[in-house]
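Peer 1: Have a look at this one before I ask anything.
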Amino acid sequence: MVAVAAFSSSGQDKPAHTPKLGLFVYILAAASVIGGFLFGYDTSVVSAAMLYMPDAPGLKPMDTVWQEVLVSISPGMAAVGSLMSGTSSDYIGRRKVILGASAIFTIGALVCAASVNKIMLLVGRVLLGIAIGFASMIVPVYLGETAPTHVRGMLVAAFALMISFGQVVANITGGAFSYIDPYNVGWRLMFAFAAVPSIIQFVCFMFLPETPRWLYENGFETETREVLEKVYNGDKEWVEYEMAEIIAFNEDQAKENEKAHASGPVIWRILKTPHVLKACFIGSMLQAFQQLAGINTILYYTADIIRSSGISNNHTTIWISVLLSLCNFIGPFVPMSLIEKVGRRIIFLFSCGLVVLSLVFIGVAFLLVNHDSAATLPANQYGSNFNSSYPDAKGCMAYSNCDYCVTTDACGFCHDANTKQGYCLPAGFDNPEVYSSTGSCTNSNGSIANNFKWEKYYCDTKYTLLPIIACGVYLLTFSSGFTSLPWVLNSEFYPMWARSTCVAISTTSNWVFNLIIALTYLSLTQVIGKYGAFWLYAGLTVIAFIFILFLVPETKGYSIEEVEMLFMNKKQRREAESRRRETVTEVRSRMNSTVSFGQHNEVHKY
């Protein structure tokens, strides 16, 4: 555990009263977290759309490779977008990057909806990925730099809540639009819907201000005070305190830079500043651990998990997905309501521990399914209509039961409808979901042989619903802290000069590991089984728990300028506190002189 003495970055006690929130803060927060909604919606809606796009006119044929590319290209481009947004937000401001992201969200959604071929659809998914990367990096930074200290954690947690809400809405709209000519119109409406909230966000940010910390950093002192007046609802005591904090931090940082002859790229300065490098490493690892806990395996492969329970109807699959996404939506209310009361660390550790248990539960559920699934018959009983020279035939024969068989794309289980015994056969070339390419479930005679049934995705067992229940428990426990805390902490960890770059690096870490987990899950299940894959994620989450326990500090109650000191050693912290007290004394002296001078002039005017 990280223990840190309480201190004030400005060397002065904070105002004793809690500032009252005005309408401005609520509008600012609501407009900002639309970025989280779009993040969740656009990463999830493709799951429902993919049930229809492979057979849509203009998009056929769409093989497995194309489907994987269309799904994974957005997370891949999000990593690029998050890196781009770090530098650009330093130069043009946080607000303009959010405006740019909103515009790209709108264009990407409309391009996807209007696609007449796979290339056009791919371009749209690339644009959406870049916009997701922008939003996932810049919205937490914007909220962290603008929100009052006592609600900062709650508002950044609201960003994570809106990611989950976007996923719920994606499944609901997917279900609703699936009834409107889904192969021609429905899937297009699923993508087009996202243009509505992105346009709303764009319009809102035309009138919302830049963050006060970016404004002061770039020489707009008057505008900084004006924004703080709105944020703190005209509370002069809090406005003066925050203004002194910002000025003191910037002047103190300027002295340090001059003393150290700081120059060159920000990334080089980060590498040469041990406590900032430490914070960036911890922040990046938290984002990596979020993905290593397997969250997007569940979110991206929800339909596969549901189908493994025996659900074959696409509409039913989508509506069950809605129920699971609701579990993911309920959880974030826990950190939103408790984060400013009990702190970040306790919620994070609690959620992390429950995630370990739920991952073990999922693994046990899949293990029970595996052990209860029908065994394959020995090779000498495959019959004369089985041709072992067919592609994948010998490989399929090697699987010992139905569960191992249907886990592999190339195979399916052909079983006697009465005895449940059967064969693992290669899937058919034209209709792999309906027939095998050889053996008793082939369509060589126009239909499958009497009493035989072909299963491509699931096995008949008494445990088939258990994985769905386990996934619901997992989503509930994961979203109760693991979803939001990496975003909250990364919005707080870094000094102003390094914030956008460090958040960009940590966000890129999230997207890179997102892509790695998404691309390796199916391969993992074929090597160590579905249960083995989730137990591996459980082991990685145990490491995350230990990492959080010993390396992540509590940031509750500290101003965003104070949090930087939590990563310093004791000597550095004492020096920083002393230096900042001296700076704030000078700042307050100047501020008081300015006020007195203004009052003196006013007396003589009248």
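Cβ from N, Cα, C; glycine included.
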Peer 1: Are Asp90 and Lys341 on one side of the membrane according to Swiss-Prot?
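Peer 2: Lys341 and Asp90, as annotated in Swiss-Prot, occupy the same side of the membrane (identical topological domain).
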Peer 1: Measuring Cα to Cα, how many Å separate Asn314 (N-linked glycosylation site) from Asn387 (N-linked glycosylation site)?
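Peer 2: Asn314 (N-linked glycosylation site) to Asn387 (N-linked glycosylation site), Cα-Cα distance: 33 Å.
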Peer 1: How about the transmembrane segment (318-338) and the transmembrane segment (465-485): at least 3 CB pairs under 8 Å, pairs 6 or more apart in sequence, or not?
Peer 2: yes
Peer 1: DSSP helix, strand and coil counts for the topological domain 'Cytoplasmic' (140-152)?
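Peer 2: With helix first, then strand, then coil, the topological domain 'Cytoplasmic' (140-152) has 11 helix, 0 strand, 2 coil.
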Peer 1: If you count Cβ atoms within 10 Å of the Cβ of Asn387 (N-linked glycosylation site), leaving out that atom itself, what do you get?
Peer 2: 13
Peer 1: Counting every protein chain present, what is the number of Cβ atoms, excluding its own, within 10 Å of the Cβ of Asn314 (N-linked glycosylation site)?
Peer 2: 17
Peer 1: With contact taken as 3 or more Cβ pairs under 8 angstroms (pairs 6 or more apart in sequence), are the transmembrane segment (502-522) and the transmembrane segment (21-41) in contact?
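Peer 2: In this chain the transmembrane segment (502-522) does not contact the transmembrane segment (21-41) - fewer than 3 Cβ pairs sit under 8 Å.
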Peer 1: Can you tell me which of 21-41, 119-139, 189-209, 279-299, 465-485 gets the most C-beta pairs within less than 8 Å of the transmembrane segment (346-366)?
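Peer 2: Looking only at 21-41, 119-139, 189-209, 279-299, 465-485, the most contacts with the transmembrane segment (346-366) come from 465-485.
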